[in-house]
Amino acid sequence: MGSCVTSERLEKEKMKTRIIDKEIRKDQTKKENLIRLLLLGAGESGKSTIVQQMLIIHKEGFEYEERRKFIDVVRGNVTQCMFNLVEAMSKLGIEYENATNQEYALEITKLENFYKSKDKFKTLWEDNGIQEAYSRRNEFQLDDSADYLFDNIDRIAADDFIPTDQDILMSRVRTTGIVEIDFYYESISFSMIDVGGQRNERKKWIHCFEDITAVIFCASLSEYDQSLFEDESENRMRESLLLFDEVCNSRWFTDTSIILFLNKTDLFRKKIKTTDPKVCFPEYIGGCDFDTASEFIKDKFISLNKNKEKEIYPHFTCATDTDNIKFVFSAVKDIILQNNIKDIGMI
């Protein structure tokens, strides 16, 4: 009797072990077939917008309730942008065109009923003093989407406002911690990891470095004349170059594909018409030409690669343009798959 019980128990233990081993093999197969992409870059370089684009393009986008959560985000961005403009006017010594607008400006921090205050936002935005401050936005901190938000203030302030995909892409929520999304593209499983880009968030990066297939490094082309949010004595472009140098030549990524997204081409195209990149790069002699300047900056980043056997894959991107990101991500997928084939010695 005792022998029979022992035999049954052993059989159950063997069965349990087989099930566990099967699950481990299944997880290992999944892991081997999973492409893990790590998004790195300085703050406000567009990493979180890339993640949102993946949700729109490769998942089901944003459900109604998720969109509702962005109502306060978008409206909060409007209020913060106007607050920053008003504060900048005081610091820059700019006068309001209309004295009444100064009274409106004093009220913006007390706004409780957003949709009833839309006319004040519109009036302030149209004030020549505010527009002068906006033209000098490289001298203070202001979200890139300010003009988009104020141009859409009637819709944003409406009672029945539900953010569109573009509203969400143009919104700004500073990333803290680690955000990870999983999605399928052409029967391939991807995991994309985004970590905060501000200096105080970078200490968390090390926890994401294991089993990474490729690093996507985001750098903003348009920030060559702007200072850091966390340290206004530091230039954003120089910070981005220093950070890329650190990432590109890190021992963690010796055998990892590095994909460089030179982002915000739309803003760069506008800015370069009036601001020469020479303000950041004294050696630059290409003038205010978009193609010349963008190639110059691309070469600046690529030249930081100390391992000449390691290839950097650069792409010019506009993270808020869904069609552009669709096209670029397709190219990224091809690069990763080709490199994976090389790694296993098939080419």
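Each residue, glycine too, has its Cβ placed from N, Cα and C.
Lifted from TrEMBL, the feature list:
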- 44-49, 144-145, 169-175, 194-198, 263-266, Ala319: GTP binding site (BINDING)
- Ser48, Thr175: Mg(2+) binding site (BINDING)
Within 10 A of the CB of Ala319 (GTP binding site), the number of other CB atoms across every chain shown is 25
Cβ atoms other than its own within 10 Å of the Cβ of Ser48 (GTP binding site), all chains, total 22
If you measure between the CA atoms of Asn263 (GTP binding site) and Thr175 (Mg(2+) binding site) and round to the nearest Å, you get 18
Cβ neighbour count within 10 Å, max among the binding-site residues Thr175, Asn263, goes to Asn263
For Leu169 (GTP binding site), the same-chain residues 6+ apart in sequence with C-beta under 8 angstroms from its C-beta are Thr49, Gln52, Gln53, Ile56, Ala319, Thr320, Thr322
Least Cβ-packed of the binding-site residues Val173, Val195 (other Cβ atoms within 10 Å) is Val173
